[in-house]
Amino acid sequence: MIPHQSDLQWAMFPFPYLAALGPDASAGTVVYRLVAHAHGSMGSAHFLLLDVDRTTGEVKTTGRPLTPSKEYTLTVQAVDSQGRRGPHASVFILAGIRPPQFTNTTYTVYIPESTTVGQMVAVVQAISFQKKTLSYMLLVNPANLFSINQESGALGLTRTIDYENGQHLHHLQVRVSEPETGLSNMAEVVVHITDENDCTPEFMHSIYSRDNIPESTPPGTSLLQVLARDCDTDMNAELSYFIQSEDFGITSQGVVSPSQRLDYERPNHMYECTVLAVDKGAPPRTGTASIRIRMANVNDEAPVFSQTIYKTFLSEDAGPETLVAIVHAKDPDGDGVSYAITGGNEDSNFELDNQKGIIKLRRSPPPKLHGPQYVLNVTATDDNAAGGSLPLSSSAQVIVGINDINNNKPVFEECHNYSVNALVLENQPSGTFVLRVQAHDADTGVNGEVKYGIMQRDGATPGFIINTDTGVISTAISFDRERQREYTLSVTATDQAQEPLIGICQITVLISDQNDNHPKFENSRYQYFLREDTPVGTSFLRAAAHDDDQGTNAAITYSMSNQSPAYFHINPSTGWIYVNHPISQTSRINRQIIATDGGSRSSSVDLTVIITNVHNQPPQWEQAEYWVTIPENMQRDTKIVSIKATSSLGDPRVTYNLEEGQVPETNMPVRFYIKPNRRDGSASILVAENLDYETTSFFTLRVRVQNVAAVPLASFTTVYVNITDVNDNVPFFMSSTYESTVPEGAEIGTSVSQVSATDLDTGLHGMINYIILKDQSGDSQFFSINSYTGIIHTRATFDREQKGSYLIEVQSQDSTESARSGQQGQPNTDTAYVRVFVTDVNDNAPAFSQSVYEISVEEDKEVGFVVITVTANDEDEGANAKLRYQITSGNTMGTFDVEPEVGTMFIAQRLDYEQVQRYELRLVASDGKWENQTMVVINIINQNDEAPLFSQTEYHASVMEELSELPVLVLEVSATDPDQEADQRALRYSLQGQGAGSEFTIDEMNGRIFAQRHLDREVRSAWRFLVLATDENGAGLTGFADVLVDVQDINDNAPLFLCSTDNCFLGHVPENSPADTSIMEMCATDLDDPKAGKNAILTYRIAQNVRNEINLNLFSINPTTGTIYTVLRSLDREVVDRYLVVVEARDGGGLSGTGTATIVVSDVNDHPPVFSQRVYMATMSENLDINSEVVVVAATDGDEGENSVMTFSIIGGDEDRKFFIETDKVNRRGIVRLKKKIDFEKPHERMFNLTVKVEDADFFSLAYCIIQVEDSNDHGPVFFPQFYEAGTIFEDAPVGTIVTQVTAMDMDSGQNGRFTYSIAPESDPYQQFLVDKSGWIVVSDSLDREKVSQHRLMILATDMGSPAHTGSAIVLVTVQDVNDNGPEFEAAYHPIVWENTVAPQVVHMNNTSILLNVIDRDTSSNGGPFSIRLLVLTSDVTNFNLTDLRNGSAMITALRSFDREQQKQYLLPILMIDSGSPPMSSTSTLTIIIGDKNDHPHEPGHNEFIVYNIQGSLPTTLLGHVQSPDLDDWSEKLYKFDGKAPRQFLLNPSSGQLSIREGTAAGLYSLLVRVADKSWPDVTSSVEVTVTELQREALRNAASLRLANLTADEFFRASLAEESRYMILRRMLSELFQIDLEKVDVFSLASGQQPAQHHLSVWFAAHGSPYYKPEKLHGYVAMHKDKVRKTSSHTFMPYNQVFSMKTDIEFMKLCSFGHGSHLHSEAHCTAAQ
């Protein structure tokens, strides 16, 4: 939006816009800053002397001279970005000094009356155009009410103010002065005293009352008016009325009226509430008064029932006149009430006493109650005695619950049908639905609510579960019919009564069949010997199969596998096999017999028929079949039958065999075995395992007999074994514990429960009889049991109150002697316990412990107060013992009530001793059928319930302060006791609150209040406390009233000059100030009351003045305001800089006080600043950092304080503003710093002459700084261009070939501008190029395109400055290919051909390819196609063939099988030729590895290690590899210690590396290591470790010798035929030094290398008693070097190289030596300590 003209407003402050500057101000001095809102820019202001910056609004000098003391008017206008102009403004600029300007010409201040003394209320501020210190003083200060801070201009109060009792408007005049210049200005301060909300609204009366208001008065009717007043003003005095009652409303004028219908029937027939008057102050204040409305009665209310709904209960068999309930209604109007049943009593079972409200069952005929409840409507009607238009009535409900008697147990009405439908298919998942049962209970409520369950035997896994609510039975497991075909369940139905009854139904669940079994043949195979002349149609063998399924699923059909000709057929139904075709032409016939069930499951068995010669007959059985019957408890190894067959051959011997069966009936699992009898050639069949009739009751055993002919023949017989049942199963109960119930009083013969047991035996063995066992408790005599059904009946009637439960033990027994051991001819038995609970019947009436209860209660107890709890006892239990209490008589006006379920009696209406002093209440307890009663007497105790009332709610009095004749009577109060017959003389008065009992006391008998102490109004001007009146001689109720006592003032306080710190009365005045210059204001305070005469009105005078040399006073004071002025213009700071003046303040009563004023004479600026030098010289480098110091100038000023504060500035010689100066005020110096960078290359920036100015507030001086600039290396060489493309060059270009030329330049001069060329090493890593000083780039070394096809050279130009600068350029050189590379393998191939593999086989180059690929690093024109072939240079090539595929690939074929143990690898030279011009060829060798297979066993090995330990410092050290020689070298072995692992050693299980642990003691250690390679048997290798302690003396005396062309391995190698070089050397040295072998230590080795040979250095030591010195050892060896050489069978090096002595022990190594039995040796060294 474009702003309008009015949108541009000036925002300078203060107004008018004034400014001042010195007449000699330099050009550019900022005089004033213009500020406008709405972002306008300054318009033109064309003046010769001043200029306006259009953007910043700064008004600056132009540098032209100004006329001293002349005021210039600058008219300005703001212009926005759209060219719209704002209003004009005038800025008045004085060329000279200007008096201070207040920020406002008039100040308006609002001060709340609650402002505290000394609190700052406003600040008047002025601006010093000379930047001088200002001083403020009050010239006009009415009543000295205000004070001002001389330095800050802060206004404050000298005493408290009160809006209600004082002046509201004050006009002050404030003067501001510059003590140093003597200039001053004045401003007016208008002070408004504002009202604070410090007055509380007060009602005209403390209590407003109105009597005889009819309760029928309509809402909104005016009853009375209240009025309050507030001594505050305006909003603080504007009142709003509120009433704290929902029954009444109040208008803004204070008119009170009902807000709803009023009611006479309330306590004392009176309404009492509080009315509030709230002002609108912040925060608001509230006054209160009481309202009392006394009512007159009208019959306008219907009777009110004590309950809207009464709940009670009866037993369904309750008799005539049984108490039901008592209803009670009270008429609020006090009318009489009558009752009637108006609904719910259609059967006339209930009768109501219309006066008492007692409801009972009818007397005749007897009531007939039906559940679950009756709802009676009862009406209460008043008698209209209060005089209404009509009688009024109300209703209540009485809900009578009928308690059901649990006298019916749940019954399964369809129990006999459940077993018919209880069927579940086998193999179904758990949760499968089986059946839903339902039981009915004729009772109601919880007595008729049924829950279902299944009885389980303890520990048995449940097969079924039942939903307790719905009765749905489902499976808990998956069933297998073949294991169990039916299950018997005992389902229970239990009602939910407290003493539940149980019904039981037994259900048999059948498991139906599913075709989940294959047919099983009786025998695992069938074999038969058949004469060759057997006629067609002859049946010779029957195949039998069984199927465990049922019905059609088990119907088996037989068939036979097809074969031509079909020699045999099988009857599909019977399984008989018969001859179907002549068999004389064959000797053996094999077939398969197939059995298929009705569900298409099948199985088969082999049939073998051997055709015998007519003359070669099989053995003949004495019987074609055998039958035997045995009991199931036959013992093992008992013979059950003998069988026999004979052979007609010359050798009569036969062998018997019991054919293997497939099903239990054919001896699978084995239950019988056969045993031959050699004596008579027969055989016996014996029992192998225990038999079980219940599992298998019949066996068919097939026996084979075979002769011993050359072609043995066999024949078969069948033994049929019939198993008979014995009594070996116990009749187990379905549960070990049964629970049941029987009602008390039930007739003899009542069915209690049914128990059930099952016996797996059959016939009489499984027939179960039940009996009850006698017990010591005698419980069994009360019950009988049906021996066949297990139903238990009662033989007596029971009383639950005598005994609540009975425990009997029942026994099940089968009907024959037990076949189980230990039964001694007795039947099998089982026992279970039956717990019979006697359920309660309501046959006992409640009974109270007392016939009369008496208690007393005070009349002032609140409604709801519990008076007494009376309880009765009922010997029944549960619902039959649930009692209900009711008050049936004596309850006048329903004063009391009772908790019906607990018997707690409480106050229902307020008690009044004056109306009723004693109640005799009849309390009835009923259990719903029977009832009983008692008397409760309640005595009412009279109470004092009215507090005394004072004649006034608030008393006012006054008393003079500082009275001497004490005590002084202040006032007298009086109160009365409104209680009837109260003793008014028993009132006692007391005080509470401020001063009670100390400053004030009261006569407790007559209410006279006295002042007991001196009162000081200045400490407290008013006292407020409570006066209390208590009846009953101070022990009763208390009433109270407020007392307000004002303390009157006397003139007892002298004026005080309050000063909390030193020199708080401090004034400043500049030296040479003119006469009548105001300096400061002295203010005193008088604590007396300013409203009381002249006690606090003050006048001032100077009690002790200062005189000059001619005895004239220097200072005067205004007697009213206390302002101190100068009298003469004679103050000189250099003579005296501080004066002390004593001022006296006197009040209107003659009291006075003094204070001392300190007057400080301030300095005036009269010394100019002076530079320490006229000219300053400095040099700087052109690369000096910005803000760096260039030169320091210094100046001094003779003044002090602010007058000596100096500011430095640069006013000439720096047109480009390259420098700035920083003022260091502490050290009085100016630091010239660099503001912009200097460029030496610009001629005008090589020297600067700066004009520097120093100034204080009034004076200035000038100096000059000459700065010389020195050149620096600030330019780097620059290439033109920075990228060169040099073209291509052949890779065989000769050294010195020119590539291109580069050019650079540097803008610096001298050494800084000279530079040299170079090539960055990283861009030419092979140093193939050079660049000379002229920039020519040439080839310096041979090029190779295959290494680098394109060179990106970074050419550097580095100047000679310090630090040096470098420029760079890029030269791109492309290398062109020549055919200089022959073909090569694409990859490093490592082909493997596995040993023992049948040839020919293609050789795989790697895991994924069989091709050998060839590449050429030259370009494609010099590359393929390639020619690849084998060079027949060695015999290795003859084993392979190479096929060139002519596409850069070849394939190699192995022509024979290999053995890695003969040769591990083959080297094939391959010639490759490319197609370049001219062509290049190369030969590479392909190494083919023969892969090892674990085709040789590994052998046990042996290692010996010698470890030298320097005085116990051996660390954990690797010794070597445990040997297990193996011709295979790729086999993976596992190593572990044989036996317990030794703690001194560590063995790596995969590598076989053996380590010795740190701290292993000296000694010989023998270890066994088991080595396994996963293919061959494990072997055990041995290791022998010798740990020898080596003394440090041996190290210090060690000698050495060097053996040529010998390795450490060869040094330790030993064989069975000869010793190792190590042992030979030790033995030779022991002979040489003529000492024992143990005293020669060879403890360190070092391998070395010299041209054309390697050598081994050996360190050794020898000792007799001490160790031999090295010199001696070397000498002996040198003397006998020929012997040493001959003995060691090795060559010594030339003499000057043979011996070397290790002089620095720190570099010696100690070794542990090891050698193995299979040419293995190792050395392991540890650093010497």
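Yeah, the Cβs are placed from backbone N, Cα and C, and that goes for glycine too.
All TrEMBL annotations are machine predictions without curation.
Positions annotated as domain 'Cadherin' by TrEMBL: 103-203, 213-305, 306-412, 424-521, 522-621, 622-733, 734-848, 849-950, 951-1057, 1172-1279, 1288-1385, 1385-1502 (among others).
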Contact between the domain 'Cadherin' (1172-1279) and the domain 'Cadherin' (951-1057) (3 or more Cβ pairs under 8 Å, separation 6+): no
Tally of residues which DSSP labels helix, strand or coil - the domain 'Cadherin' (306-412): 0 helix, 49 strand, 58 coil
Tally of DSSP helical, extended and coil residues in the domain 'Cadherin' (734-848): 8 helix, 47 strand, 60 coil
Three-state composition of the domain 'Cadherin' (849-950), taking helix and strand from DSSP: 7 helix, 48 strand, 47 coil
Average pLDDT across the domain 'Cadherin' (522-621), rounded to a whole number: 87
Secondary structure content, the domain 'Cadherin' (424-521) (per DSSP, counts of residues): 4 helix, 42 strand, 52 coil
Residues of the domain 'Cadherin' (1385-1502) by DSSP state, where helix covers H, G and I: 8 helix, 47 strand, 63 coil
Summary of DSSP states over the domain 'Cadherin' (103-203), given as helix, strand and coil counts: 6 helix, 48 strand, 47 coil
